[in-house]
Structures are given as structure tokens and as C-alpha cells.
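Working notes, structure below.
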């Protein structure tokens, strides 16, 4: 199975997001991208939507429930939210939804900043491997991979997807 081209998914995602927000009466949501791929996808969506609002960024490294097992990522970046969270409608963007743990960590961090009116979840890919009850409101494509396979977004320009096969320890 070949991987989709993100540039082909983004226009439909923008259209689906526009419809989703209109259905809920949300006119000026604030966008938040999760480092690093979620930021790239959020930037591309903002361009597709013609939205000039500032983009918030989250690095959820300290909020992950597995960092004591895996250690911190060597490039922890500060989160930057150039707007108030309280009462805002947020669009949270990630590149690949797998277990749901990154999204859980992002929600925990967002709520440390304030109480949003709503959070709409947008993911480029959904790998159908969730361990938590988290589901995207807008998704580019759903894929099923083998247990030893992963997908990574590379970018920022052009955006592309790479498949990785995990090596098994003997």
C-alpha cells in the first residue's frame, strides 16, 4: 500500500474543517499545532483556509505519560500560545494519530493554560491503533499498518510521508 500525498489531502481537510466549524457556529477558531508535524499541517491548513490568525504551538514532551520510560526528546521546545485559551474555540492539529497519547498530553497542557470553549481535533492520518478514546473530528486519511510499521511526516516543504519498519529484537 502506498502512502498518500499530504498536498492532495489538505484541500479536502480544509473543506471538511470549514463545514465542521460552520455546523457548530464557530467563526474565528484559534489554531494550535503539536510539534513538529502538527505545526506543519496547521500552517498548511491555515494557508488553505486563507486564515491569517497567529498559530499556537505545543511541545507536549513534559506532558506525555511515557517520558519516564522513553526519556525526553532531545529537542524539547517551548510551547507558544500567542492568544488567550479561556473561552476560545481551538483547532488542535497533529500529523499522525496512533495511540491517542500525544493528543491526551496536548489537551492536558492546553487546560493548564485555560479552559477553551471547545477543541476540534484535526489529524492528517489516523492509524486506527488507539489506546485511548480519542477520535479526530477531521482526518485526511485513515490507514491500517502492521504492528511493526510506523508513519512519519517529513517537511516542512514539501510535506511527505515516510513508512518505517521497526526492527525486532531477537
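Each Cβ is built from the backbone N, Cα and C atoms, and glycine gets one as well.
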Per Swiss-Prot, the range holding motif 'PRPP-binding', considering 77-89, 90-102, 103-115, 116-128: 90-102
Binding-site annotation, Swiss-Prot, substrate: partner of 36, 37, 77, 94, 95, 96, 97, 98, 99, 100, 101, 102 in 138, 151: 151
Secondary-structure category, per DSSP, in which residue 97 (substrate binding site) falls: strand
Among the substrate-binding set 36, 37, 77, 94, 95, 96, 97, 98, 99, 100, 101, 102, 151, as the record gives it, the longest Cα-Cα distance in Å: 22
Which of 97, 151, the listed binding-site residues, has fewest other Cβ atoms within 10 Å: 151
